[in-house]
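Novice: From Swiss-Prot, for reference:
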type	residues	note
REGION	1-38	region 'Disordered'
REGION	164-183	region 'Disordered'
COMPBIAS	164-177	compositional bias 'Basic and acidic residues'
MOD_RES	S557	phosphoserine
MOD_RES	T558	phosphothreonine
MOD_RES	S564	phosphoserine
REGION	786-881	region 'Disordered'
COMPBIAS	806-865	compositional bias 'Basic and acidic residues'
Amino acid sequence: MKKANDRQSPPKLLEKKRAKAPEQPTPPIQEEPEPVSNVLQGDDILALAIKKEDLTKQHIPQFEETGEKPVVTQKFIIRKLKPKDSCKRVYHLVAHPANPDATTKPLDYSGPRDSFLSSDQILPHQILGSLQDFKRIAVARGNTQLAKLINIQPCLMTLISAKEEPKPKSPKEEKRPPWAPPLQHNFLKNWRRHITLRKKQQEVLSEHLKKPASELLMNSGEGYRKIQEEREAIDRALPTQHDRKAMNCFWSPLEYLGDEKSGLLMTKKKKQRGLVEPITHIRKPFSIQMETGLPVQKDAWYRYTWDRSLFLIYRRKGLQNIMAELDFSQQDIDGLEVVGHGKPFSSVTVEEPLPLEKSQKSSSEDTVFLDSLTNLSDMVPMPILGPSLLFCGKPACWIRGSNPEDKKNIGIGVRLTFETLEGEKTSSELTVVNNGTVAIWYDWRRRPQQDFFQDLKQNRTQRFYFNNREGVILPGETKHFTFFFKSRNAGIFMESWEFGTHPTLLGGAALQITLHAISLTQDIFMDERKLLESKLAAHEAVTIAQSVLQDLLRGVSTPERAPSPVDAYLTEEDLFHYRNPRLHYQHRVVQNLHQLWQQYTEAKASQEEALNLRTPTVPLLFVEKPPDHSRTLASEYPQLQPHQEMDTLKDPKNSLLPQKTGISTKSMQRKSIMEEILVEEGPDRENTRSPRVLENLPPPKWNLCLEDFRQAVMTFPEELQREDALIQLNKAAMELCQEQKPLQSDLLYQMCLQLWRDVIDSLVSQSLWLRSLLGLPEKETVYLDIPDEGQKSPPVTEVKVTSGKLGKEDRRGGAQEKKQLSARDKEEKKGSKTPSKEDRLNSKKQKAKDDKKVVKSTSRDRLLSEDPPADSSATSQEPIDPLVMEKYTQRLYSEVYGLLDNLVIDMMVLADELGSEKNVEEPLRFCT
């Protein structure tokens with residue numbers, strides 16, 4: 001029954017429900033549900049048990065496949081769209097972000113490798129060099145497969161040798177016709193093409209954005225240049241007004257790049273110095289604006305731009321006169337247009353003269369009629385009753401009752417201007433329209449023109465060409481008269497023609513056409529001329545500079561430099577070489593000979609005094625030895641007179657001894673001086689001296705001649721003394737015969753010595769600084785003048801020196817003098833036991849005899865005999881705080897440790913560097 005009821009139609013069910021609805025007056029009573037217990041019973045527990053059958057249904061066991069799997073094929077239907085037509089495709093460029101791994105990959109510069117074989121041909125950008133050279137090398141190496149991939153144009157195959165491939169015939173270049181435009185005119189085509197694309201782009205954007213083209217963002221900066229020029233003009237005019245803005249940069253000081261002592265001084269710019277360049281005006285003419293599709297449109301009134309501010313308007317009015325003076329080249333750029341250089345040019349200019357007073361006397365009807373015709377011509381182009389023409393846009397009408405005197409005047413003047421190069425042709429048109437109702441007959445009449453150079457013109461060549469035959473212009477017809485100009489010669493040419501009409505228009509006033517042409521010379525040698533002018537200008541500048549410099553040098557007269565005395569640089573070594581040309585000078589050996597000479601001369605003098613014997617001796621030449629053996633003073637030797645110098649220079653044959661090899665012309669002068677010394681110190685002069693004078697003179701010194709030394713030794717009376725002297729003399733001569741080879745200086749020793757000196761200097765400076773900082777008393781120094789041998793020591797002067805003025809050189813000198821004085825004391829004690837040490841000490845003493853010696857206050861114990869000043873004793877007795885002294889010593893110890901640490905590090909670094917260099921270089925050897 002339920003199934004039967006379910007199959008009944010929906011309308012029947014609705015009717016039954018409506019019929020049963022009134023039979024249910026009360027809703028059924030809801031029974032309360034019985035409480036359900038949460039405790040599971042035994043049946044429920046058994047029902048929850050898991051059976052194996054249920055598990056097998058859920059998890060089907062997978063058996064291993066013993067045979068091959070059955071192939072199951074399925075068919076799918078795929079819907080493919082038809083490709084669109086290629087002509088309707090639109091390509092868009094989409095920018096995608098770069099691959100992040102692209103930057104990490106190293107660039108491959110190994111070349112194309114095998115990419116040639118995969119492609120059909122090799123492109124020029126795939127190789128370095130030209131394709132011709134690449135193919136030639138490939139063919140030479142026998143790689144024909146690679147050579148086939150190179151496709152070269154036939155005109156470039158001529159570079160390949162004839163043995164490899166036959167030479168193809170290169171096509172002949174076709175000559176361009178003379179009337180063809182030059183290739184430089186292609187930029188006009190590109191300009192027009194780009195302008196067309198720009199116009200299309202503007203139209204699309206303006207339609208899409210619903211904005212005019214002038215308000216687009218791409219055209220928003222058209223007026224920015226004008227605003228910048230106006231700002232610059234106002235900024236230049238503001239310094240003239242006293243409104244707190246002036247050219248502060250003009251009065252500002254110069255800037256430094258870095259420090260004022262070691263930096264660079266920055267010069268001012270031209271603008272800061274007042275040298276301002278004129279304002280350059282850049283605009284777009286009206287023709288260019290129309291060509292680019294930018295009509296001149298004014299901004300809306302509600303746009304409050306910079307140039308519309310009230311402050312700017314008042315500022316313009318206040319600076320109007322000054323801006324006009326500063327920027328006086330304001331031109332109407334809207335009317336300018338670039339025609340081109342050397343391009344034929346033509347223009348038409350119409351001039352309508354003012355009405356004369358005589359024409360005003362004509363009837364009022366004619367005047368009213370003429371005005372009405374003019375107004376009609378300006379408003380609506382409608383035909384005019386009677387004869388009338390539009391001559392180049394100007395109305396020329398028939399006037400009744402014309403005055404015969406008006407025929408002398410010009411009614412309408414037309415000027416046609418031509419400009420072209422010589423030999424080229426240009427043209428211009430003249431338009432005449434018959435806007436009346438009457439046919440007008442016309443003819444051309446050439447007007448006479450006054451020529452001021454008739455004698456110079458030999459032939460009259462025609463240069464203007466046009467159709468000058470008469471004709472008729474029908475009503476409503478338009479005539480175009482084309483005028484051509486061509487001239488073989490450069491110059492300015494002019495012709496005047498009159499356009500005659502019948503009936504006569506404008507009361508007989510002439511319709512004049514003036515042809516004005518300019519023919520320019522083509523400058524063929526412009527580049528060569530400019531190059532020549534630049535060379536001449538440079539040559540002129542160099543010539544002028546040289547002439548000015550020569551004039552200045554001639555005007556400057558510098559006095560000649562006083563020649564230094566030729567004998568000012570004679571040293572002991574030079575005298576020794578002159579006396580003994582075959583021997584080599586050694587300072588130690590020569591000093592030993594000096595001591596030996598002094599020793600034997602003193603012994604001989606004592607013997608002579610004891611015996612009172614007068615025996616004839618060999619005359620000797622004695623030369624006073626200067627305090628410093630390294631040089632001889634000019635006062636020791638007599639100066640040569642000018643005439644004697646000239647004689648010695650002119651006659652070099654007067655030299656007594658042969659010259660030594662390698663001696664220059666200066667040695668000639670030295671030898672002549674030595675000859676003078678020989679003459680003045682000769683035996684005759686010694687004999688002329690009186691005995692009293694000889695007694696008062698000090699003992700003679702050795703004249704550095706070994707032969708004289710030997711002769712003097714031979715005069716000794718005792719044979720033992722003579723033999724001993726000869727042995728020592730022969731020993732010294734043997735040493736002097738050997739040439740002394742100087743060794744290379746020890747670089748490491750010198751550098752370490754310099755570092756040690758720097759450490760000592762820095763230590764002394766730190767000590768002085770600590771003393772001044774802690775308030776300790778200043779130390780004293782004593783200056784001592786050490787006299788020469790045989791002289792009495794002058795009194796010692798003790799001077800107090802402040803720590804700030806104590807220099808490094810004084811401290812070094814004090815330390816060195818300490819060593820010399822101690823060595824000298826030891827020498828006096830030892831005597832002649834150690835001759836080698838005496839030689840070294842004597843050499844040191846000879847180098848520093850004339851210098852002042854500085855000794856510390858600790859050396860005053862040796863000078864107790866002298867009277868010290870009172871101030872020194874007072875300062876030495878001042879009490880010193882032990883705490884301050886302890887602090888001073890601690891600080892000084894720390895400084896010493898730091899300085900010594902740095903010294904050791906520097907020495908190690910230098911030793912390592914020099915050691916690495918010595919490993920590469922050769923070992924030290926004697927200089928040959």
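Even glycines carry a Cβ here, placed using N, Cα and C.
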Novice: Cβ-Cβ under 8 Å from S564 (phosphoserine), same chain, 6 or more residues apart: which ones?
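Specialist: Correct list: empty, so none.
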Novice: Within 10 angstroms of the C-beta of the residue listed as 'phosphothreonine', what count of other C-beta atoms is obtained when all protein chains are considered?
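Specialist: If we count other Cβ atoms within 10 Å of the residue listed as 'phosphothreonine', we arrive at 5.
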Novice: Counting every protein chain present, what is the number of Cβ atoms, excluding its own, within 10 Å of the Cβ of S557 (phosphoserine)?
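Specialist: If we count other Cβ atoms within 10 Å of S557 (phosphoserine), we arrive at 6.
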Novice: Does DSSP give S557 (phosphoserine) helix, strand or coil?
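Specialist: In three-state terms, S557 (phosphoserine) counts as coil.
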Novice: Specify the secondary structure state of S564 (phosphoserine) as given by DSSP, simplified to three classes.
Specialist: coil
